[in-house]
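Student: As annotated in TrEMBL:
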type	residues	note
TRANSMEM	B:53-70	transmembrane segment
TRANSMEM	B:82-102	transmembrane segment
TRANSMEM	B:122-147	transmembrane segment
TRANSMEM	B:179-199	transmembrane segment
TRANSMEM	B:250-266	transmembrane segment
TRANSMEM	B:321-340	transmembrane segment
TRANSMEM	B:352-371	transmembrane segment
TRANSMEM	B:377-396	transmembrane segment
TRANSMEM	B:403-424	transmembrane segment
TRANSMEM	B:500-520	transmembrane segment
TRANSMEM	B:532-561	transmembrane segment
TRANSMEM	B:573-592	transmembrane segment
Amino acid sequence: MTAVLRLENVNTFYGAVQAHFDLCLDIYPGEITCLLGGNASGKSTAMKVIFGLVRPRSGRVLLAGEDATQWGTPRRVAWGLRSVPEARRLFPFMTVRENLLLGAYLRKDRRQVAEDLERLLDLFPRVGERLNQAAGTLSGGEQQMVAMARALLGKPRVLCMDEPTMGLSPLWVDRVLELVQTINRQGTTVFMVEQNARAALQIAHRGYVLRHGVVTLSGTAAELLDNPLVENAYLGGKAI
Amino acid sequence: MIGNLYMLTAIGITQIYGVAGVVNFAHGSVYMAGAYIGWMAITWLHWPLVPVILLVLAGSALLGLALERLAVRPFARAGSTILLLTTIAAGLIIDNAAQVIWGPQTQALPNPLPQWHIRLGAGTVSLLDLFILACGVGTALLLHLFLYRSRAGWAVRATAQDRDAALQMGIDVNRVNRYSFALSGAFAGLSGLLVGLYFSNIYPTMGASATLKGTTAALLGGLGNVPGAILGAYVLGIAETFSVEWLGSSYRNLVAVLLLIAVLLFRPNGLLSGRRALNPEPTAGTFIPHGRPLRFPRWLIPASAVLAAALPLFVANPYALQVLAIGWVFALMAVSLNLISGTTGQISLGHAGFVTLGAYATAILTSRLGLPFSVSLLVSPVVAAVIGVLLCYPALRLRGQYLAIATLGLGEAISLIALNWDSVTQGPLGISGIQPAAFFGYEIWSAAGVYWLDLAALLACVWAVYRLSRSHLGRALRAVREDEVAARAFGIGLARYKSIAFGVSAFFAAVAGVLLAHSYSYIAPDTFTFALSIQVLTMIILGGRDNVGGAVIGAVILIVLPETIRFLGEYRYILYGLLLIGMLRFRPYGLLNSTT
């Protein structure tokens with residue numbers, strides 16, 4: 001099976017500080033892959049590298065085998081990457097409907113978009129109730145729903161989610177993860193960056209553990225769940 | 001009616017701020033260029049109004065695009081205060097290029113519309129008035145439709161609200177930036193043409209007040225808020241009309257500047273928003289990029305001071321000495337500004353205001369009250385520093401672009417007060433017949449004497465600043481620059497230390513003003529202008545942040561170079577503009593600093 005999204009020996013720097021050391025990731029089609037790690041482990045930077053918001057000093061980003069390292073962000077989005085950014089990043093002064101339709105900014109099939117929107121609202125009933133409200137006035141969990149729906153309306157080949165459970169109440173955490181699973185079962189490949197390791201691994205197929213820019217553990221979700229080192233690693237413990 | 005004119009400008013400025021995050025100070029220059037394009041089409045080509053307007057829209061849109069490409073995009077990641085400087089520099093270049101191309105004189109702009117008048121109650125309305133109203137309302141409506149109904153408009157709004165998130169939607173943010181600059185350029189050009197038609201004349205410096213008025217209106221409405229800008233334009237227009245009615249037309253600009261400062265102090269987010277704190281700008285503390293002074297042997301500074309002092313003994317040419325003497329005075333200004341901008345990290349675009357304060361203080365003290373020069377040399381700067389700190393104090397809690405605009409407004413306010421306070425300053429006439437510098441009855445007439453006096457003042461200032469920067473106070477100021485929150489956490493009172501920096505700086509800038517007033521023997525409200533503030537800022541960026549020697553050398557280079565290369569004379573300000581952009585682009589840490 002070939003990876004639909006792949007990072008190959010990526011080394012990223014912020015000035016003199018190195019954020020990734022030969023980072024390699026493989027995301028396979030139809031799966032949920034999660035990247036786990038504590039604060040400052042380089043998780044979010046990996047997301048930025050994938051979207052071209054940060055350029056690595058060396059290494060490659062491959063999209064379905066094609067070298068996309070030099071592509072700009074809009075081109076990667078046109079290829080089929082969609083993101084649910086960290087802290088949602090909705091356009092706060094635009095309505096929920098406008099936010100959703102911006103997710104389909106690059107789609108030309110207007111009529112199909114309208115149909116897809118109707119269908120998506122079945123999955124996100126709360127969003128449908130608030131279509132004409134300014135996005136900035138929603139609660140955190142509702143915003144997360146809008147951000148997910150916005151990304152899905154772009155028909156992603158890979159849906160990338162940066163800490164989708166961050167800042168949500170336990171009730172919403174369960175609801176969000178359940179939705180991610182539903183979305184994946186309907187055929188969407190998901191790449192998810194998370195601190196909430198145990199919860200993420202419950203729904204994932206495959207996982208990587210990142211610590212100070214180095215992948216310290218990787219394997220199937222089941223293997224990682226059984227591994228006592230996982231908790232240590234993502235919590236920043238010493239024993240590895 | 002005047003509100004309609006400001007509206008177009010304010011919309012353009014607010015639009016750019018929303019998308020690019022910068023107050024575009026070259027806006028007025030595009031506005032001026034638009035007026036000139038229209039003037040050429042009307043007086044040379046004799047075109048009718050509609051094609052003229054189309055040409056103006058196209059030409060100024062192109063200029064807006066060029067601005068984006070050359071002065072904004074290369075600095076996209078450098079932070080908004082740097083962008084403010086590069087747009088100022090670009091404006092300086094455009095304004096002075098216009099003077100070279102079209103000449104500095106005022107040109108008459110005939111109105112091609114028929115001279116109809118409609119009686120309306122007590123007053124009359126001309127066809128031109130109606131036309132301006134239609135243009136204002138029409139563009140506002142079109143802009144609204146564009147922003148809220150079209151796909152490209154959505155992309156613009158999304159980019160304004162969250163640039164990175166917009167990128168992740170697949171929006172080409174650079175293209176949105178280009179559209180916005182073209183659009184705002186077109187608005188600027190159109191409003192320039194309309195204003196030119198309204199007052200029936202145009203001149204190369206007409207853009208400066210437009211930028212100021214547009215920024216004021218945009219701030220009144222809240223930066224980035226298009227309907228707010230429209231409201232702000234009308235508020236400003238009405239305020240001006242009433243003040244002109246009651247106080248006289250010379251108060252027009254003063255009222256606008258005071259309104260600008262009041263908004264910044266009391267409602268920095270505009271009239272429409274609740275009163276809340278400004279978002280901190282991450283780049284605000286260190287707007288001049290970080291660098292370390294290059295190391296020189298210890299003896300070099302005293303040696304060069306001795307060499308400079310001995311120079312008049314070998315050089316007999318009084319002209320060369322005069323130029324160098326002016327160089328020393330500007331070095332004095334640069335070293336004093338460096339204390340605010342380099343050491344304390346606060347941007348100030350109003351340094352000319354301090355110089356003006358010093359110059360007026362000494363002019364009044366010596367010619368009116370008959371104080372001797374030697375006393376005035378000490379008293380005037382103290383007076384100027386006290387007034388300067390009192391004026392700046394409320395503005396010191398602002399940061400980044402807001403502080404930059406506030407200091408610019410204060411600098412303008414000082415010269416506008418000098419212009420309007422006839423009984424003390426003799427208004428636009430200025431004060432003439434200021435005695436030359438004299439100590440104990442000995443007047444200093446010779447070029448060498450003035451040279452030594454200016455050099456001595458500079459050396460005293462350099463010594464004081466050097467001692468200060470080595471002291472506990474200097475470390476506290478640097479702490480404020482590096483991290484305001486952390487500095488406060490360590491017990492450094494921000495307002496107090498910033499006031500000290502502004503006070504000491506105002507003192508030495510005023511010394512420069514005193515020296516210049518006595519050597520020019522005449523000062524007027526427009527002797528020391530905004531261009532001077534920018535010139536001095538260019539000097540310290542040239543020399544390098546927090547580098548006293550660099551400030552001196554930057555000043556000497558910028559004063560001596562245009563004089564020695566005579567053909568540069570006319571292009572001097574263009575050179576400053578290019579130098580400023582070039583330095584920020586290629587060596588932002590200064591000539592005498594190295595990267596860390």
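Each Cβ is built from the backbone N, Cα and C atoms, and glycine gets one as well.
Just so you know, TrEMBL annotations never went through curation; they're auto-generated.
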Student: Verify whether three or more Cβ pairs under 8 angstroms connect the transmembrane segment (B:250-266) with the transmembrane segment (B:53-70), leaving out any pair fewer than 6 apart in sequence.
Tutor: no
Student: What residues in the same chain, six or more past the boundaries of the transmembrane segment (B:573-592), come closer than 8 Å to it by Cβ-Cβ distance?
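Tutor: Cβ under 8 Å, 6 or more out: 70-71, 74-75, 78, 82, 85-86, 88-93, 95-97, 100, 288-291, 293-294, 531, 534-535, 537-538, 540-545, 547, 549-550, 553-554, 558, 561-562.
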Student: At a C-beta cut-off of under 8 Å, are there same-chain residues at least 6 beyond the transmembrane segment (B:532-561) that contact it? List them, or none.
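Tutor: Result: 85, 88-89, 92, 288-291, 293, 296, 301, 323-324, 326-327, 330-331, 333-335, 337-338, 341-343, 348-353, 355, 408, 411, 458, 462, 465-466, 469, 478, 568, 575-576, 579-580, 583-584, 588-593.
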Student: Give residue numbers and ranges for long-range contacts of the transmembrane segment (B:179-199): same chain, 6 or more residues beyond its ends, CB-CB under 8 A.
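Tutor: Those are 1, 5, 8-9, 11-13, 15-16, 18-20, 24, 27-28, 30-35, 37-39, 52-53, 56-65, 67-68, 72, 109, 111, 113, 128, 131-132, 135, 139, 143, 152, 156, 206-207, 210, in sequence order.
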Student: Out of B:82-102, B:122-147, B:352-371, B:403-424, B:500-520, which stretch has the largest tally of CB pairs under 8 angstroms to the transmembrane segment (B:250-266)?
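Tutor: Ranked by Cβ pairs under 8 Å, first place goes to B:403-424.
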Student: Are the transmembrane segment (B:122-147) and the transmembrane segment (B:352-371) near each other by the rule of at least 3 C-beta pairs under 8 angstroms (pairs 6 or more apart)?
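Tutor: Contact between the transmembrane segment (B:352-371) and the transmembrane segment (B:122-147): absent.
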Student: Under an 8 Å Cβ to Cβ limit, what residues of the same chain, 6 or more beyond the ends of the transmembrane segment (B:403-424), are close to it?
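Tutor: Cβ under 8 Å, 6 or more out: 23, 81, 84, 212, 215, 219, 250-251, 253-254, 257-258, 260-261, 264-265, 284, 346-353, 356-357, 360, 364, 391-392, 395-396, 525-526, 528-530, 533.
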Student: Which bits of the chain, at least 6 residues beyond where the transmembrane segment (B:82-102) starts or stops, bring a Cβ under 8 A of a Cβ in it?
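Tutor: Distant contacts of the transmembrane segment (B:82-102): 20-30, 32-33, 36, 63, 67, 70-72, 75, 204-205, 207-208, 211, 283, 287, 347, 349, 401, 404, 531, 534, 537-538, 541, 570-574, 576-578, 580-581, 584, 588.
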